[in-house]
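Below you'll find the structure, written out as structure tokens, and then a few comments.
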Amino acid sequence: MDNVEDKETPSEPFLKQSQIRDVPCCCSQRWILAYTSFVGFFFVYSLRVNISVAIVCMVKTPNITTTNTFDNSSSSICTGTASSRQVFNEHAEFDWNKEVTSSILASFFYGYIITQIPGGWLSDRFGGRYVFGVAMAISSISTLLIPVCARNSVVSVYVLRVILGLATGVSFPCVQSMWGRWAPPLERSKLISVSFLGTMFGNVATFGSSGYLCEYGFDNGWGSIFYITGGLSAVWVVIWFVVVRDTPSEHPWISEAERDYINNAIEYDTSKRTGKVPWLEMAKSPALLACTTAHICNNWTNYTLLTSLPAFLKAVHKFNIKSNGLLSALPYICQAVSGFSSGQIADILRSKGVLSTTATRRLLQIIAFSGSGIFLVATGFTSCEHRSLAIAFLSLAVGINGFCRAGYVVNHVDFGPKYAGVLYGITNSFATIPGMLAPIVAGQLTPNDTQEEWRNVFVCACLQCSRIVVYGCFSRGNSRM
């Protein structure tokens, strides 16, 4: 990394048009890596958020008037107290209080924060394929064990969620490290945004299906959530090891044209690895400061929603468990659309010379920050009588936030492709702290589950203002390492 002025130059060498035409695209090995990573992140988030819905139907709610059906479309459902209008869940087995459930939701992040930087370093040094694959195998086993362990000891659930956090903590640094060796600079936004779209679809599928599995699944409903997500993840691990390699030069099925195209486009020799990391230069990097700030603030909002959205919809807007899962998924459908679109927009703006990489990253990130902040605060002011408006605001907030996929998320590979795994590990380590705190803070702020209490939870979106300033001033788009 150097301290010269940020003068951006074309990141890829000029290739002859005939050479570019010969390079495969949608069925190329770099896109197969994107598709496989997409499915991998689908399962990373399925394993991560499945308990957010499952715990709603695992835990008995005290002082409930038991009823199995009521008209969800009627406005009369909004009358009465939250506790007297909740749906009785006949499959609930546990008498865990709010403090216990909040701690279970937060325990994942105690492990997740530990492996971020080690995962990035191991991937940059030895390759992300093996590290990510083994981590997901461990994650699958941990998830499959949750139903059995939950029935024996709540402590074992904490332990399994911590192990899950330790394992999945390497996922983002691993894949970022691999893209530092696979993604041509002017395709980075598309490739990386498609990879990370799996997180949103994982949220959508898990939230959308878990409510129905709670009601109709095997092993008392909620147990099936863990068995299905854990089992399918194990199948993906086998596919990952078969179709993916760490670098283009190592891949047995890549075409010569694609291999040469990638190796000529990337700024350094991807076949050489080193364990030496420029830690001091990273610490002084304005670009890393910008990404870290953006990551921390973004994750506070993100983790609040991931862990608490089903509880909010149940407590304030009185949705039953089946509707809850589907409605919790809707905002992430919107985010998937915006995340994919932003990647395409970013690379078009850059490749056509409309905006520099720095300007593109800043523009899309500011849109994500400001839009999500406005609509998330608005959500806190919606009552049960206007719950359709609440879903619309939530969908807009989470949807607009998807533009960050072409902002700070991919930005690590822009200014430090050789050390992208370590860089993402650093920012995500700091950004995991909100994951440890957000569920506990939400639980402390909502002892009675009233609308006013939940409004305080959503006011956390005011952090958007500070991150707009920091990212807008200090982010960089060119390679400096």
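Glycine is treated like the rest: Cβ placed from N, Cα and C.
TrEMBL annotations: computationally assigned, not manually curated.
These figures come from a predicted structure and were not determined experimentally.
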Taking 191-213, 283-305, 329-351 as the choices, which stretch does TrEMBL tie to transmembrane segment?
191-213
Taking residues 6+ outside the transmembrane segment (130-146), which of them lie with a CB under 8 Å of any CB in it?
40, 43-44, 47, 50-51, 119, 122-123, 157, 160-161, 163-164, 166-171, 174-175, 226-227, 229-231, 233-234, 236-237, 240-241
Counting Cβ pairs under 8 Å to the transmembrane segment (191-213), which of 38-59, 158-179, 363-383 comes out on top?
38-59
Under a Cβ pair cut-off of under 8 Å, which of the recorded stretches 38-59, 158-179, 363-383, 422-442 contacts the transmembrane segment (225-244) most often?
38-59
